[in-house]
Amino acid sequence: MMKDITFYGRFEADILAGRKTITLREASDADFVAGDRVRVSRYEDNVFFCNIEIIDVTPVQFDELNNAHAVQENMTLPELKQVISEIYPGLKSLFMIAFRLV
Ligand SMILES: CC(=O)Nc1ccn([C@@H]2O[C@H](CO)[C@@H](O)[C@H]2O)c(=O)n1
């Protein structure tokens with residue numbers, strides 16, 4: 001059975017252009033392993049927009065986030081920390097899911 005993931009619609013263009021190649025998620029949203037093919041839909045309206053292949057799933061602490069993470073999100077580090085703080089207020093333990101378009 002194919003797995004699914006949702007992204008906020010505002011990230012769709014960056015994902016489709018290959019500008020966003022990681023996502024940082026809480027544990028309950030990181031149940032993927034390298035090689036998984038995953039159907040990607042928009043969170044707001046559930047519209048499918050691409051398939052991705054999972055490259056890697058790695059634990060990362062909020063306080064360890066650095067510019068390399070931000071670049072892979074097509075953001076600055078302050079922007080990335082702000083976005084994550086809004087989605088997951090107070091959460092320190094995240095998982096970095098690296099992916100590529102298929
Ligand atoms: C829709 C949903 O259920 N959850 C999430 C959770 C996270 N993200 C994005 O991943 C990166 C790091 O958190 C940032 O770019 C976030 O905006 C997302 O698009 N959708």
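In case you wondered, yes, glycine gets a Cβ from its N, Cα and C as well.
Quantities reported herein were computed from a predicted structural model and do not represent experimental measurements.
Database features (TrEMBL):
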ACT_SITE  Lys20  active site, proton acceptor
ACT_SITE  Thr23  active site, nucleophile
ACT_SITE  Glu73  active site, proton donor
DOMAIN    5-102  domain 'ASCH'
Using a 10 Å radius on the Cβ of Glu73 (active site, proton donor), the other Cβ atoms enclosed count 21
For Lys20 (active site, proton acceptor), the same-chain residues 6+ apart in sequence with C-beta under 8 angstroms from its C-beta are Phe11, Asp14, Gln72, Glu73, Asn74
Across the domain 'ASCH' (5-102), DSSP yields 31 helix, 36 strand, 31 coil
Within 10 angstroms of the C-beta of the residue listed as 'active site, nucleophile', the count of other C-beta atoms across all shown chains comes to 21
